Amino acid sequence: MFCVQCEQTIRTPAGNGCSYAQGMCGKTAETSDLQDLLIAALQGLSAWAVKAREYGIINHDVDSFAPRAFFSTLTNVNFDSPRIVGYAREAIALREALKAQCLAVDANARVDNPMADLQLVSDDPGELQRQAAEFTPNKDKAAIGENILGLRLLCLYGLKGAAAYMEHAHVLGQYDNDIYAQYHKIMAWLGTWPADMNALLECSMEIGQMNFKVMSILDAGETGKYGHPTPTQVNVKATAGKCILISGHDLKDLYNLLEQTEGTGVNVYTHGEMLPAHGYPELRKFKHLVGNYGSGWQNQQVEFARFPGPIVMTSNCIIDPTVGAYDDRIWTRSIVGWPGVRHLDGDDFSAVIAQAQQMAGFPYSEIPHLITVGFGRQTLLDAADTLIDLVSREKLRHIFLLGGCDGARGERHYFTDFATSVPDDCLILTLACGKYRFNKLEFGDIEGLPRLVDAGQCNDAYSAIILAVTLAEKLGCGVNDLPLSLVLSWFEQKAIVILLTLLSLGVKNIVTGPTAPGFLTPDLLAVLNEKFGLRSITTVEEDMKQLLSA
């Protein structure tokens, strides 16, 4: 096992990365190794998808499957080894069918890629795990060095984050064949074990630029189906009655669940990254969408154990449900998996609803505590002139984008302290689950404009980017000249690709924490600092002083 893709990874003087029987996330060595094997199979599939396009062959089943299966290897998504093997077998079957289509056009069709003809050696997990050793990401570390390995992983993990957003968009009927072509090209190239530093750096920026397009179509899918989010108050306390909790990012799953629970007497609560759903008109119209429950994903083993109903996980993040003994009432959807947990293959939630009706639910309603969400792209753009007016009248000094992933490290209290230290004449724009560090606190307003503005999920960084570009255009300056600072927390691969997206668009002087990714060496961090001004957090006092004086 070698996995260094998330912030929890083991860090020692001898090197970084989980490499024993089980990773810090709870992923076993077997599952981790089989995910390496799946990635190799997907690289071979992408190599043939690139070749097929040379013959004008575009297979949508291949294009949609590839990023979806890649998504299953993201942190805290799928811990179920048999399903990982199933994805690998499906990748190989799709590859062989695509290869046959190419050979039907050109009998001499060939692909020069070490993954292009990969076959699984056995049905036995142990044999497959031994085969996977050929594809361990650090297998040639001694030959290439830590810097090249780090850049490869930056690209691989960044592309994995983009693949997740591609799948989220596809669920909503949004895709782009040019994006698929670019994805396959990059994925296939990474399967050749590239070792050119400049080429890898260029690839990381290409991934960022591609992801901006992915976020654009995802935004179109969400707003096209469910309307533009508008500011909405959400209750974060319990309401009496039977209940279901839904977590993750998949708004379509939430919509289907709301439709199927309407009139049943079962209330629905959002959790984690599903919180922004309350801002969408076509979702909040369901009166039994009663509120948001819990906090950051890392607290789920306590909070889910206390929730008196079933839980549905639609995407990341799931962690071991046996710890809180709720594994008999947590359900997985789509690419999510945990051994022994019931999985929903389709859009029918009747079994979940039946379980909710058999459970006690909340016995009484707590005193409501309301927070505000729903500052989506259109709402932010509508506020652009107001922001400019406040700046011109010196009522608004600075905007801090304070967002990203949450996690368990104690150092993450930095983000709570930073938020509460932001001066009263400054605004906090937040997104992703890092907001749970401070989103239930009171921040007041500036002439009626809330000082805490919740822009949505991690992918809604797109909205923040569009706002920044719009403000810069209206003020006749560059984005980096705005009174705007980005202080981002990271945990996994979606955060990595958001960072690459921002860097690829030329955004500079981003501050990140609580730690640097374990796969980035001091040399690579120095390059990113020199090229983009990217740096790690220090103390709240020092960072606040520096950012306000920039």
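Backbone N, Cα and C atoms are what each Cβ position is placed from, and that goes for glycine too.
According to Swiss-Prot:
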type    : residues                                       : note
BINDING : C3, C6, C18, C25                               : [2Fe-2S] cluster binding site
BINDING : H249, E273, C317, C405, C433, C458, E492, K494 : hybrid [4Fe-2O-2S] cluster binding site
MOD_RES : C405                                           : cysteine persulfide
Within the same chain, and leaving aside C3, C6, C18, C25, name every residue whose CB is within 8 angstroms of the centroid of the CB atoms belonging to the recorded [2Fe-2S] cluster site, in sequence order.
V4, Q5, Q8, T9, G17, G23, M24, K27, S32, T75
Looking at the binding-site residues C3, C6, C18, which has the shortest Cα distance to C458 (hybrid [4Fe-2O-2S] cluster binding site)?
C6
Given the binding-site residues C3, C6, C18, C25, which one's Cα is the least distant from that of E492 (hybrid [4Fe-2O-2S] cluster binding site)?
C6
Can you give me the residues near the recorded hybrid [4Fe-2O-2S] cluster site, meaning same chain, not H249, E273, C317, C405, C433, C458, E492, K494 themselves, Cβ no more than 8 Å from the center of the site's Cβ atoms?
G272, W297, N316, A432, Q457, F491, A495
Rank the binding-site residues E273, E492 by how many other Cβ atoms lie within 10 Å of each Cβ and give me the one with the fewest.
E492
Spatial neighbours of C6 ([2Fe-2S] cluster binding site) that are distant in sequence (at least 6 apart) but have CB under 8 A:
M24, C25, T75, N76, F491, E492, Q493
Hey, does DSSP put H249 (hybrid [4Fe-2O-2S] cluster binding site) in a helix, a strand, or just coil?
coil
